[in-house]
Structures are given as C-alpha cells and as structure tokens.
Amino acid sequence: MGLLETVKDPRDLAKLSGTELEQLAGEIREFLITNVAATGGHLGPNLGVVELTLAVHRNFDSPRDSIVFDTGHQSYVHKLLTGRQDFTTLRQQGGLSGYPDRAESEHDIVESSHASSSLSWADGISRARQLTGEGDRFVVAVVGDGALTGGMAWEAINNIAADKRRRVVIVVNDNGRSYAPTVGGFADYLASLRPTIDSLRTTPAYERMLDWWKKKLQDGGPAGQFTYKSLHAMKKGIKDWWAPQGMFEDLGMKYIGPVDGHNLQAMEHALNTAKAYGGPVIVHAMTEKGHGYAPALANEADQFHAVGIIDPETGEPTEMSGARSWTSVFAEEIADIADERSDIVGITGAMLIPVGLHKFAERHPERVIDVGIAEQHALTSAAGMAFGGLHPVVAVYATFLNRAFDQLLMDVALHKAGVTIVLDRAGVTGPDGPSHHGMWDMAMVQIVPGLHLAAPRDATRLREELREAVAINDAPTVVRFSKGSVGSEIEAIDRLHDGVDILARRPDGSTENDVLIVSVGAMSELALDVATRLGAQGISSTVVDPRWVLPVRKSIIALAARHRLVICIEDGVRAGGVGSRIRQEMRAAGVDTALNEVGLPVEFLVHGSRSQVLERVGLTAQKITHDVVAQVLGTKVPFARPLPGQEHPTTGSLPTL
C-alpha cells in the first residue's frame with residue numbers, strides 16, 4: 001500500500017515526515033498521470049500544484065478553514081487529500097466532477113469555476129466569519145496568475161485589504177512562463193534572506209512599531225511630516241527593489257514571496273508566516289504547469305492544460321478523430337477573412353488557441369489582442385474599436401459571455417457598434433458540467449435590441465454566416481456553434497427569399513403539412529430524424545433552418561400559419577429561447593398555431609457526455625417524436641390545430657386552475 005491510500009482526510013498529513021511528504025507528492029503525480037490519461041481532464045495545472053496543495057492542507061484546518069480554488073480545475077489534488085480517490089470515472093456521468101462540488105464533500109466551497117471570482121468569495125466568507133463571531137477561522141484562496149488578469153480579482157483585493165483583522169490568505173499560483181523566477185547566485189542569496197525579512201515584516205510588533213512612528217512623525221509638525229514622507233519613500237524604494245511586492249502592498253496587503261511552489265518546506269514556512277500574521281496576506285508561489293511530466297513540459301502550446309485520453313508514457317492521444325472541429329473551421333475562415341479585410345481584428349480572453357484565433361494571429365499578429373480574463377473589458381474595447389473604424393471579432397466560450405452582458409447591452413448594442421461575437425462551446429458541452437455548458441446565451445441575447453444571432457448547422461454554413469456577420473457594421477452580431485466535431489453537411493432543398501433554408505418537406509413539395517420543425521444550429525440532424533420518424537407515423541412535416549434566428553424571419557411566421565403545430569428544437573434553455581421569441585412574433589402577426597419549445601430546462605445540468613446530458617433532458621429523436629405524435633392526436637398540450645371538420649380535443653383530463 002502506498003502513502004496516498006492511507007490519506008483519508010487532510011489531518012492524516014500531519015503524521016507524515018518531510019521524507020514521506022516528498023514520497024506522497026511523487027505518488028500523487030503518478031496517480032494523476034495514470035488516471036487523467038485514461039479519462040481526460042486538466043492534467044497540467046494539477047501536476048503544478050501538488051506541493052502547494054499539500055502545504056495548504058498541512059497548515060490549515062479544512063473544512064473549518066475554507067479553501068477556495070480559482071479556478072476549480074486545479075482541485076484534483078485537493079480531492080485526493082479529502083477522501084476522493086476514485087478517479088476512474090472522473091468527469092463522466094455518475095463520477096467525480098472535474099471541479100469542486102459541494103455534493104461530493106464538505107471540503108468544497110465554490111463550484112462555478114469561472115475565473116477571477118475566488119477573492120470575492122474569500123471577502124464575503126471572511127466578512128461573514130467576523131460578523132458571526134468566528135473571526136479566528138481562516139479563508140484561503142488559491143488563485144492562478146491568469147485569474148489575476150480579471151478586474152473582479154482586484155476589486156476584491158481592494159476590499160479585503162481595507163480590513164486588517166480578517167484572516168484571509170491569498171495563495172497566488174504563478175505558473176506563467178513570462179513571470180519565471182530569476183535564477184543565479186545573487187537571486188539564490190536574496191531567496192535565502194527573504195524568509196527572515198518576511199518573518200519580520202509580518203509580525204504584529206513590526207506593525208505596531210510602524211504605526212507608532214507614523215503617528216509620532218505626522219504629529220510633529222511640518223518637519224516631522226517631511227521626515228515621515230522621506231522615510232516612507234525610501235522604505236518603499238528598498239522594498240520594491242527587494243521583491244516584486246509593491247503592487248500588492250500599495251493596496252494594503254502584506255506580501256510573502258516569491259516562494260518555490262514545488263519546495264514543500266519553503267511553502268510550509270511561507271504559509272505558517274502568513275497564518276501567524278493574522279491579517280490579509282498574499283503568498284506568491286512560483287510553480288510550473290505540468291511539473292514532473294516530460295510530455296507536458298515539452299508541449300509549448302499549453303503544457304497539457306486539458307487533455308483527452310492519452311498514452312501516459314508518451315502523452316500522445318490514443319484516439320485520433322478524423323472529424324473536423326467547429327473551432328478549426330472557424331479558425332481557418334476568420335484567418336482568410338482577415339487576409340481580405342484589414343479592418344478585421346480579433347479579441348480573445350486568454351484563450352487564443354481554444355477559441356480558434358491562433359491562425360489569424362500567426363498571419364496578422366498585430367491585429368489579434370489577448371485582453372486576459374477580462375470579458376467585460378473585451379466587449380467595451382471592441383465597441384471602441386468599432387467606433388474607430390475597425391470590425392472586431394470577439395471569440396469567447398459561450399458560458400463566458402454571461403460575464404459581459406451589461407457591456408454587450410449598453411456599450412455595444414446601444415451604440416449600434418459593428419462587433420461580431422463568436423461563441424464557441426455553445427449548448428451542452430458535457431464533461432465540464434454546469435459552469436461550462438453554453439446553454440444560456442440564446443435566451444440572454446434575445447433581449448438585446450438590434451442584435452443579429454446566427455446558429456450554423458454545418459461547416460459550410462459556419463463559413464457563410466461568419467462572412468455575413470462581419471458584413472454588418474451597424475449592429476452587434478453573434479455566431480454560435482457547438483463543442484466538438486462538425487457533423488455531415490446538410491444541404492437545403494430550397495432557400496427562401498429571407499435566407500431561411502428548407503431542409504425537408506413532403507415529396508410532392510406541398511407546404512400544407514402537419515408540423516413545422518424549426519431546427520436551431522447543430523440540432524438540424526436531430527430535427528431531420530424526428531421528421532423521418534413522424535413520417536413513419538403518417539404525420540407530415542416541414543423542417544427549416546432559420547440560419548439567422550434573430551431577427552425572426554417573416555417566412556418562419558408565414559410557414560407557421562400553414563401548419564397545425566410548430567416545434568422549435570434548440571440546445572439552449574427553453575425559457576426565453578428561440579422558440580419563445582418565435583411564439584411572440586407569431587402572436588404579434590395574428591398566427592394562432594400552437595408552438596412547443598423543445599430545449600433545455602432551466603436547471604444546472606451535471607456533467608456527462610453531450611449525448612448523455614441530452615438524453616437526460618429529453619432531447620432525443622424518440623422522445624420528441626413521441627410528444628409530437630401525442631400533440632397531433634390531441635392527447636398532450638400544446639394541441640395541434642384540428643383538421644377541417646374536427647373538434648378541438650377534450651381538456652377534461654387537464655387540471656382545473
């Protein structure tokens with residue numbers, strides 16, 4: 001039995017010697033490489049926080065002390081140390097979440113895993129502890145250097161620093177290669193001195209002495225005030241030369257570091273010092289993403305930030321998909337458009353490769369801007385670029401557009417800015433769970449005046465609709481597509497005057513059908529399957545792809561009037577979604593055909609594969625067909641319009657309101 005198997009609770013770490021802790025760190029790395037290689041997941045970040053997480057759990061008493069991870073993908077080691085070592089079904093339906101999950105453990109606090117929020121959580125928890133008489137309990141926020149590019153983190157630091165009584169320890173996990181620690185003899189000498197200096201600067205006696213001299217000098221008239229200002233400036237100059245702490249301490253936070261995040265003894269010393277101070281402290285830990293795993297370190301792109309199923313020895317994928325991804329199609333097309341138009345600029349929020357702007361950046365590096373994890377800034381900056389004569393293309397994951405809704409509404413849409421927003425990972429994404437499903441976007445943008453929304457069904461339509469989007473310069477445009485592989489090409493049998501594609505209708509070409517099926521984006525294949533199944537039941541249908549779901553095309557409303565029932569199949573939430581908007585337009589036009597929204601419930605959907613999640617919520621051809629047949633037969637609401645000579649179905653079985 002290895003040491004890892006003996007750790008059932010963080011308190012078990014206290015029994016281990018320094019040598020045993022080093023052995024445990026090695027076992028954890030081996031465990032992560034073996035298990036994450038088999039399931040996929042965030043391997044590189046977790047290999048980089050092994051010693052850091054061990055030190056945090058050795059020095060703080062979880063769950064009495066709250067540990068918050070920003071972002072939660074770096075919590076695998078935390079899970080292992082808190083009794084969750086069954087990683088065989090990590091990120092799979094019924095298995096462990098890839099992020100902290102309160103349902104799994106009392107040691108988990110924050111589940112959302114959208115970056116830059118942990119310090120606000122720490123601020124709130126520590127305030128609550130003070131007000132409820134539990135101010136002796138610590139809050140530890142483990143935050144990546146990338147998350148500190150988000151403005152929300154600095155808003156929180158500003159508030160945390162204002163109260164010196166709160167026991168907040170912010171551990172900055174700095175694995176950015178552009179912030180690598182200085183090497184060499186002189187740097188090693190400074191590093192050997194730094195623990196002594198940090199110990200002095202974080203003692204209460206040192207703080208009391210500074211406050212006493214400050215008051216004495218400031219009360220000493222002009223001469224004393226001049227002396228204080230001079231000494232304070234000299235102290236600050238020496239401090240800024242000695243360590244990169246000025247940015248934090250200017251905000252009123254004590255700073256310890258930089259510390260080697262892979263040196264357990266150094267990390268424990270730093271955390272002990274921070275703990276003894278008793279007030280807000282930042283511990284700056286320098287780490288290496290993918291530490292201890294050569295294939296990760298050799299990966300220049302992202303050091304195995306997130307991997308699929310790989311060979312643990314080589315790091316090579318074990319399954320090569322021949323299908324093209326939505327992202328790769330976008331990457332090629334936006335780069336080609338940029339070649340043709342010098343006014344096109346790309347904006348990303350710290351995700352150049354994942355959102356497909358890398359080819360654009362390779363060809364035109366001066367026209368691709370990485371703003372960091374700052375979606376709010378990205379949208380307003382884009383509005384400014386549009387005002388200046390450019391056409392920005394902001395590429396983000398669909399779930400992260402939520403963070404910038406006010407900027408979309410008030411900075412982009414209100415000013416009719418020609419900004420194109422490309423939403424990757426729209427709809428159900430699968431293994432990463434509720435905080436990463438891109439299922440809220442369509443309902444959210446429905447209420448933005450003047451916005452145009454496209455949902456391509458295949459690669460050809462993505463290229464086509466992206467070009468149409470960047471041709472609009474007097475309103476915001478949004479193009480959304482799914483995660484993963486693009487399906488087969490689905491050719492239209494007709495395109496109507498306003499751009500709506502007819503994908504299927506009765507063989508004789510008649511539009512007098514029972515059911516109008518409106519398919520949104522990647523749901524077209526499912527919609528065609530439903531139409532085939534309905535045909536086998538003797539129910540005729542027309543299948544349309546609006547291509548541009550906003551504004552609602554008039555031909556959709558005209559077709560709805562000539563059918564007995566409309567169903568809208570979408571991979572966004574039903575409430576306020578595309579179907580809801582079509583219903584409103586139908587009623588405004590006096591069309592009383594019943595409409596059924598077939599989409600996602602307003603729920604936080606737990607992780608699983610995309611197909612498993614869709615099956616759980618009833619977005620399958622079998623379930624949709626079953627419901628539509630019942631609606632046409634008049635046994636399930638909404639009832640299809642009766643045929644001539646038929647009466648409306650009885651509603652005696654319905655509840656009385």
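From the backbone N, Cα and C atoms, a Cβ is placed for every residue, glycine too.
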Listed in Swiss-Prot for the thiamine diphosphate site shared with HIS73, SER113, HIS114, ALA115, GLY146, ALA147, TYR293, GLU375, one of ASN35, ASN175, ASN263, ASN473: ASN175
Neighbouring C-beta atoms (10 Å sphere around the C-beta of ASP145 (Mg(2+) binding site)): 17
CB contacts for ASN175 (thiamine diphosphate binding site) [other CB atoms within 10 A, all chains]: 23
Cα-to-Cα gap, ASP145 (Mg(2+) binding site) vs HIS73 (thiamine diphosphate binding site), nearest whole Å: 14
Nonlocal neighbours by CB distance (under 8 Å) for HIS73 (thiamine diphosphate binding site), same chain, sequence gap 6 or more: HIS42, PRO45, ASN46, GLY98, TYR99, SER113, ALA306
Number of other Cβ atoms within 10 Å of the Cβ of HIS114 (thiamine diphosphate binding site) across all protein chains: 21
HIS73 (thiamine diphosphate binding site): secondary structure state under DSSP, collapsed to three categories: helix
GLY146 (thiamine diphosphate binding site): tally of other CB atoms within 10 A of its CB: 19
